[in-house]
């Protein structure tokens, strides 16, 4: 207790003691084994190189058979030589024009035997172009190409026409019927035409022909919706104009105006015919 010394700690309470086991300076990432394995692999590889085991494997790609470009070149030269012997100046041929890649008929203007090229003049165009002799085609190739192009164009046109017919069939059908149905109310709503013979109207005698003007033709069908229905019989009072809301546009206003003109002309003609009928009836009565 005395002497200022502390009490000794019991053994069970010690958690860490420096200097026992691993120290703070020890390297826990020791790669000695990895270095030894690497050195062993390198040594075995060097040993195999000395014995010649790997040299044979490395020499195998060198012993593979070489390609034969020379033979191919020989065959190409042979074909080119044959083409040079086949074509001559003035011959008809077919050539691919470099601008569009299409085949056109041409005539050989000159041949360079060293370069294995030639100059062709396209028939009907006059364009001159240098071509390889091996690329020249027979005139029949141009005809076959034209036939193929015509066939392709016909197929495209037929496809377009088929698409158009399908689109028309998919569109709202029976448009003429719809137009007729819209125009039908004119026939039922029109006032009856003036009588062509004596019908008891006015003092005219029976059988007196009516020489008044015929009624005007009905307006276009798109204005039929503006004509209100009224019962058949002699017109007494013109039908009232449709009630136009404030939101009508120019087309609606134009339709209302045309309807008014039509009805005004019709009733004016009817009135003039009626008066003419009365006048002729009076003249025949006095005679």
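Each residue, glycine too, has its Cβ placed from N, Cα and C.
What Swiss-Prot lists as SUMO2 cross-link is 46 (among others). All protein chains shown were included, and the count of other CB atoms within 10 Å of the CB of residue 46 (SUMO2 cross-link) stands at 10.
The SUMO2 cross-link feature in Swiss-Prot is assigned to 205 (among others); the stated evidence is similarity to another entry.
Feature annotation from Swiss-Prot assigns domain 'Tudor' to 86-146; the stated evidence is sequence analysis.
Annotated phosphothreonine per Swiss-Prot: 20 (among others), in sequence order.
Look at Swiss-Prot and you will find 23 (among others) tagged as phosphoserine, backed by similarity to another entry.
Summarising the annotation, Swiss-Prot assigns phosphoserine to 26 (among others) and lists similarity to another entry as the type of evidence.
Per Swiss-Prot, phosphothreonine is recorded for 64 (among others), and the stated evidence type is similarity to another entry.
Sequence annotations record features per position, and here Swiss-Prot assigns region 'Disordered' to 1-27 (among others).
The region 'P1 (binding site for GEMIN2)' feature in Swiss-Prot is assigned to 8-39; the stated evidence is similarity to another entry.
Look at Swiss-Prot and you will find 52-83 (among others) tagged as region 'Disordered'.
Look at Swiss-Prot and you will find 92-205 tagged as region 'Required for interaction with RPP20/POP7'. Confidence across the region 'Required for interaction with RPP20/POP7' (92-205), taken as the mean pLDDT and rounded to a whole number, stands at 68.
Residues or ranges marked as region 'Disordered' by Swiss-Prot: 148-216 (among others).
The feature region 'P2 (binding site for SM B)' is assigned by Swiss-Prot to 234-261, with similarity to another entry given as support.
For 273-287, the entry in Swiss-Prot reads region 'Required for interaction with SYNCRIP', with the evidence type similarity to another entry.
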Inset, instruction - Write out how many residues of the domain 'Tudor' (86-146) are helix, how many strand and how many coil, based on DSSP. - result: 12 helix, 27 strand, 22 coil
